[in-house]
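Since the structure comes first, as structure tokens, the remarks are kept for the end.
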Amino acid sequence: MVPLENYLALSAIVFALGVYGVLARRNAVMILMSVELMLNAVNINFVAFAAYLDPGRIVGAIFAVFIITVAAAEVGLALAIVIRLFRNRATANVDEAATMKW
Amino acid sequence: MGAEQAWVLAAIPAGVFLVLALFGRALPRGGDYLGVAAIASSFILFFVVLADFLDTPGKLGPVVNDIQWSKIGDTFDLRMGIYVDPITIVMFAVVVTVALMVNIFSIGYMKGEPRYHWFFAVLQLFAASMLMLVMADNLLLLYISWELVGVCSFLLIGFYWEKRSATEAAKKAFITTRIGDVGLLIGIILLWRAGGTFNIQELIHLAEEGHFSQPYLFTALAFIFIGCMGKSAQVPFHVWLPDAMEGPTPVSALIHAATMVVAGVYLTARLLPMFEVADGMLLTVTIVGLITALLTGFIALAQTDIKKVLAYSTVGQLGFMFIALGAGEPAVAMFHLMTHAFFKALLFLGAGSVIIGTHHNQEMDRLGGLWKKMPITGTTFLIGSLALAGLPPLAGFWSKDEIFVALEHKWGAWAVILLGISAVTTAFYTTRLFIRTFMGKPADTHVYEHTRETPPVMTGALVFLAFLAITSGFVVFHEVGKALGFPGGITEFIFLPHHGPHEYELKWGFAAASLAMAVVGIFSAAWMYWGNDLRRATALANWQPGLYDMLRRKFYFDELYQGMIDRGVLGFSYIVSWFDRYVVNDTGVDGSAQITGFTGGVLKYLQTGRVPNYAMAVALGVIGLALAGLVVRG
Amino acid sequence: MATEVIWWIFALGIIALSAGVVFSRSVIHSAIFLIGSLAGVGVMFVILTVEFLALTQFLIYGGAVTVLVLLALMLTRADPSGRAEKVNGPQAPFALLAGIGVAAVLLVAALSTEWAGNTESPTNIAIEAISQRLFEDFGLPFILASVLLLVALVGAIIVARQEEGE
């Protein structure tokens, strides 16, 4: 069978890719996609922990359900904001919305 | 009502103070009748207290009534209460009597003055504070009343605050006494620190048991005595009192006779058992008193303002009281305090009457021959003057005589001789004052022509006080005391526990010497000034102009202090202001502002406004924290 | 043995697709890679025997979220002609370093820890157990989550809708 560490490593790599995406990308939608990657990496971890280490209480699985819920809400709101941004500034690139500075 | 409820005496004027201060403006005649009624009820209630006190079973034991004030933990239990013993009774008598007379007199004197109601309001607070002061059973309550008295004197001396000299005098009085008050506070704290209590009787008990070490007790009492010197205007703190003449004259009478200045005498008398335990403390008190009595006696010789002469005379007489205390005789000090209160109040109110009668003239150089114009004022003033000079059988003679006896008994002949000089000068300047004001030919005919006798509300108070100035000295006799319901004369009423009461007996030698001193002073003054003729006096002044100038300018005390302030305080404040301007302000305040501004100017570029940069910072932060966690965990 | 093979295929697939999401130059490609990656995660849930979550994953991510993302992409196309735009910001090289750092930290932490319990094989999580936990012990958070969704729904509509005069 597959040991727990494999899941953890997979999750770590996917999470790191998500981090890179968030930091490197300009387009807000792409940043959101990277965030989704990070959330899914976390979910893998949660479910793996629940299945391996905590089969009695399965809190991790329950948490995954909530994360999916919150992620859905977040995506919906964030995309609405992106559309708003685009409508106001004709761009979806976050580095072009840079008026909040010195 | 019994002696346990003596606090009511102070509560009534205090309540009326609130009423007058808040609503006095709206009341008809400024509510002066309320003030008089308040102090009159205190006056009447005093006799109730006195009767109860004399009837107390266990004869003349002190009456105590205390309540818990605040309690912190088990160690700090602050109680406040009243303590009524013979000293308190005498102080009560003086305060309520003089305060009542001053209130009545003020109705006439202050007529038509602005802030009339406020004057009466503060008079009530003054009396209330003083009454509270003399019955406080602990030093903390005493200190509070002490400061209240100081505030009232400040308010009253500066009553005519439109006049610059009045505000200056008020400031001077307040600051000078404040210096002493700091000493008092330090002394109280020292006693509390070692004794663990503020209660006066407990502290005395501890001191007598040797609870305090000698140097410690001496230090604490010296600080307390500095407070007494400040309040009672002893050299070198005497400078405020003559300037305090800027206040309305009834206030001068109140400050000089009954309240304020005698607070120091009272406190020293109250703590005298402790002073006796501390080696050298009594000698200190005696020397301070002697110096004061001598210096002010000479200064008063050359003053021309009626009130100034009286002011220096007060300082000198306070010195007499301290001398009595230094001789370990609280009864004599309280006796002189009482007689002095009556005749000095009489003299001040008489001076006030002169000022009103002559339409605000108080310079002797413009007065003279007023006796014919103001017969009642003149006669009562003469009685007060002779009492002050110490002529028998007036009140001043008996108490001064007692001081001489006590002084000789304790310290020997040298002190008596020094004090004798002071007594001669006292008689001299008093006579000079009277002659130049009331006798001979008028110095200024215009003033003389317009002089009128004052209304009965003022002369009535004078007559009453004159009566007391004649008779109050007789309470020293055993038979008089007995007749009044006391156990005997005043020395059998007030005494230190380990000395016990002793009956007064006239010592003929001292009486004769005392009388001789008074007579010498009176006759030499009469010879020099008779008929308000200044030729002899001018010749004397011209013979030694330097000496005369020194006396006229009060031994240069004011100049000395002014110089000290100019050089010391102003020099120091110049340094402080330089430090404040360049170090604190330019370097400290402006510097830190500049550093902040510069740092912000540099660091603001971190705020790029670009979200990816912030996200990067978050990521790096997370990595840093995680690495730190790994390192810590090992 | 078969499970391991399948796991490795899907794990490598997820990594490859995720890398495609973050490295692809086209946003449309990225979105399509994302669908694949999310579906792979769903398969992982199946392998972990949590079928309920796998189904949820497919439905919500595969169905709802990705469609939403694609719609947003279409609505925010700056240049309909599809002219190549710089997709990465100026800090991309540093982002790579940060990503490597995060990966390193996470891997070190995950692999160096001694996990307490059975790390060799997963235990089957029955759907009844999940429902029991969800509706009994986590009943209140569950209801709150539904409220959250509602709020997000309303909020998204208000933020995104065309206002009069715009």
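Backbone N, Cα and C define each Cβ position, glycine as well.
TrEMBL has this to say about the protein:
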TRANSMEM  B:6-26  transmembrane segment
DOMAIN    B:69-120  domain 'NADH-Ubiquinone oxidoreductase (complex I) chain 5 N-terminal'
TRANSMEM  B:87-109  transmembrane segment
TRANSMEM  B:116-134  transmembrane segment
DOMAIN    B:136-422  domain 'NADH:quinone oxidoreductase/Mrp antiporter transmembrane'
TRANSMEM  B:212-230  transmembrane segment
TRANSMEM  B:251-269  transmembrane segment
TRANSMEM  B:309-327  transmembrane segment
TRANSMEM  B:333-356  transmembrane segment
TRANSMEM  B:376-399  transmembrane segment
TRANSMEM  B:411-435  transmembrane segment
TRANSMEM  B:456-477  transmembrane segment
TRANSMEM  B:508-530  transmembrane segment
TRANSMEM  B:614-632  transmembrane segment
Best-packed against the transmembrane segment (B:309-327), counting Cβ pairs under 8 Å over B:6-26, B:212-230, B:411-435, B:456-477, B:508-530, is stretch B:411-435
Does the transmembrane segment (B:251-269) come near the transmembrane segment (B:456-477), with 3+ Cβ pairs under 8 Å (pairs 6 or more apart)? no
Stretch winning on C-beta pairs under 8 A with the transmembrane segment (B:333-356) (pool: B:87-109, B:116-134, B:212-230, B:411-435) is B:87-109
Counting a contact as 3 or more Cβ pairs under 8 Å, with residues at least 6 apart in sequence, do the transmembrane segment (B:87-109) and the transmembrane segment (B:456-477) touch? yes
Looking only at the domain 'NADH-Ubiquinone oxidoreductase (complex I) chain 5 N-terminal' (B:69-120), how are its residues distributed among DSSP helix, strand and coil? 29 helix, 13 strand, 10 coil
Could you tell me the mean pLDDT the prediction assigns to the domain 'NADH-Ubiquinone oxidoreductase (complex I) chain 5 N-terminal' (B:69-120)? 86
So what's near the transmembrane segment (B:6-26) in sequence-distant terms, Cβ-Cβ under 8 Å and 6+ beyond its ends? 34-35, 37-39, 41-42, 45-46, 49, 63, 65, 82, 84, 88, 92, 96, 99, 117-118, 120-122, 124-125, 127-129, 131-132, 135
